[in-house]
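A.B. asks: Starting off with a structure, shown below.
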Amino acid sequence: MVGPAKNGRVRHAFSVVNGGQELGPSSAPVSNAGSESGGIEFTREDVDALLNERPKRKDRFSLKEKCETMSEYIKRLKLCIKWFQELEESYLIERKKLENDVEVSERQRDEMGILLKNKEEELNSIIAELRKNYASLQEKFTKEELDKMAAMESLARERETRLEIERSQNSLSDEHGRVQRELSSATQKITSLNDMYKRLQEYIASLQQYNSKLHNDLSTVEEDFKRVEKEKVCMVENLSMLRGQLSVSKQTQDDAIKQRDALVNEVASLRMELQQVRDDRDRHKLQVQTLTAEYTTYKESTEKSSFEVDNLKSKYTELEVRCLSQTDQIKTLKDQLMIAEEKVQMSNLTTLETRTDYEGQKKLISELQTRLADAEFKLIEGEMLRKKLHNTILELKGNIRVFCRVRPLLADEDVSTEGKVISYPTSMDALGRGIDLVQPGQKHSFTFDKVFMPEISQEDVFEDISQLVQSALDGYKVCIFAYGQTGSGKTYTMMGKPGDQDQKGLVPRSLEQIFKTIQSLQPQGWKYEMQVSMLEIYNETIRDLLAPNRSSSDMLRENGIGGKQYTIKHDANGNTHVSDLTIVDVCTAKEVSYLLERAEHSRSVGKTQMNEQSSRSHFVFTLRISGVNESTEQQVQGVLNLIDLAGSERLSKSGSTGDRLKETQAINKSLSSLSDVIFALAKKEDHVPFRNSKLTYLLQPCLGGDSKTLMFVNISPEPSSAGESLCSLRFASRVNACDIGVPRRQTSMRPPDSRMSYG
Ligand SMILES: Nc1ncnc2c1ncn2[C@@H]1O[C@H](COP(=O)(O)OP(=O)(O)OP(=O)(O)O)[C@@H](O)[C@H]1O
């Protein structure tokens, strides 16, 4: 049926009956109530809609749902195709009918000719369109079929995958269970590890606290120590003053006692004199009485002799005068006696006062002595604590310490043209520890344990290492070495300026301190024995600097042309032995100075363009210290190694030729071996090439742990040395980063053959 044109469009209505049931696209089929077949009317729009109504891909649909939707859609498409086929058939039938009608009715045909033609055209176009649609539907159908097949295949694959997944899910759930169990045990482990970590953190915090406490204690102890030292000095002064006062008051007391005794004697003699005078007076009184009686008797016989009377009168007068004078004398004596008695009383009082004073001062002295003993005890205790804390701090550090020393500009050096290359940062954390080297356009900053500026004196430098030297007496191996380019001040730092007391170097100062300390430790029962050896390493050959009668031929032989070959060995205790090396027992600093002078003569001193006095060998001074405390049975064995390394210099800069070139090459080889060792230690490599040079092999115990090691890096302030200084500073900062472990104190018995031990 062809419906009326609506909105310029031709409306086609057709119905499909399938098994008595109307089928059609589920989307809005409009039922035509007037239709005979009671079928469904389709418009072109409906068909277009149906064709365009391809199920939208919903990503969230599962493959199965997609397949079902596809199947539904394909089903509808099939129905459509069927409808189209039926439609085509009905059109064909209609056409046939019309053709028949044409045949039947020419008129009708003429009338309908145009209409039919149009209709035919229209139908043809519709058919063509439908065919086209059909073809495209077929195509779509095939495509959808293919899609369906692919979907089916992928569904099957998915099913398989799902099964696989389910299987793996099962195994995964097993795994999950296992992992859960492992997780719970791991969680437990983590909890316990966390606990442990917390405990460790607490432990670290407590260690840090302990460390800071130790630092505080150290500073308090050092303050106490200083205070007690001051107090001791005051007390000693007081004591000597009191002793002076006491001796003065003793003298006064003796004088007073003597005076009193003299006065007592005087009083006794005065008393005797008085008694004598009294006796005289009594006697004279008696005489006077007798004379008076005689006078009365003679008066009665007055007339007898007037001469006798006169005589008797004069005698009487004389006696009276004598009596009067004696009375005066008695009075004077009495006065003198009174004065003497007063004096005695006074001197008694003074004696009493002096005695009280004396007792008071005696008490004060004994009090002061007790306080002094206390202070001395505190001092010893403080010293012990200080030593312990000092050693603990050094042990905690566990690395090679590095002190940097910049020498002043020498008279013939000038920086004015190129400017200063060395500066010192002033920030709080780098103060006294930082050094900056400025090169054109670049600043290199370094930090060390200490940086000594040019104006720092030898004494001040020594103050900073005196504790380390002290450690050798406490039984540690101590190694101090100076590194730096030629002329940077290594020998000055180690040995000082010969003949100038103020500019003595570390070696003489260390020896003085050691001998002084040994003496001060004597009252505490310590007795020390010391042995010295000195050697140099020249062109990779060891030379004994204390060998008796060392001639130039010996030197030649030592240079490898026959003769003694000194070999280095380390024993299990970390002691180093150099075969045939001369070891001298020493008791005083003077003896060591003499040996140092002897060694200095033997040293090889070469001349290069860089430094007229440049030492071309490594100088190694060793002092072995064995101490025993007779009261505590304690024994210590320490070693002090003081090393002045040969100058590090670039061949090009040194301008060496011939023998000097050979020397420079040997020095550079051993110094580069030293840096190889340091780098291997810094990287904690399994193999450290100690054996690559005599120097490193000799220093193995100092570099490989076990000992307290300090390196001086000496720097020249000259702008022309900036490159060398930078190399030295870089090397030193690597050395500083080197963790060599904890130094060990040697308190065991000295082995019987320790005379040959080097360090
Ligand atoms: N801190 C200082 N104060 C004063 N003068 C110094 C100082 N340091 C070094 N000098 C002087 O610098 C010069 C070179 O020093 P020194 O001989 O110690 O160098 P060096 O590094 O030992 O050289 P080399 O490697 O050739 O032995 C000497 O004249 C020395 O007196």
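Glycine is no exception: its Cβ is also placed from the backbone N, Cα and C atoms.
Straight from TrEMBL, here's the annotation block:
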{"type": "REGION", "residues": "16-39", "note": "region 'Disordered'"}
{"type": "COILED", "residues": "88-147", "note": "coiled coil"}
{"type": "COILED", "residues": "193-231", "note": "coiled coil"}
{"type": "COILED", "residues": "260-294", "note": "coiled coil"}
{"type": "DOMAIN", "residues": "399-738", "note": "domain 'Kinesin motor'"}
{"type": "BINDING", "residues": "G484, Q485, T486, G487, S488, G489, K490, T491", "note": "ATP binding site"}
A.B. asks: Return the average pLDDT for the domain 'Kinesin motor' (399-738) as a whole number.
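C.D. replies: Over the domain 'Kinesin motor' (399-738), the predicted model scores a mean pLDDT of 83.
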A.B. asks: On a count of neighbouring CB atoms within 10 A, which of the binding-site residues G484, G487, G489 is highest?
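C.D. replies: When each Cβ's neighbours within 10 Å are tallied, G484 leads.
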A.B. asks: Could you check the binding-site residues Q485, T486, S488, T491 and say which one's CB has the most other CB atoms within 10 Å?
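C.D. replies: Answer returned by the neighbour count: S488.
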A.B. asks: Other than its own, how many Cβ atoms are within 10 Å of the Cβ belonging to K490 (ATP binding site)?
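C.D. replies: Around K490 (ATP binding site), other Cβ atoms within 10 Å: 28.
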A.B. asks: With DSSP assignments reduced to helix, strand and coil, which class does G487 (ATP binding site) get?
C.D. replies: coil
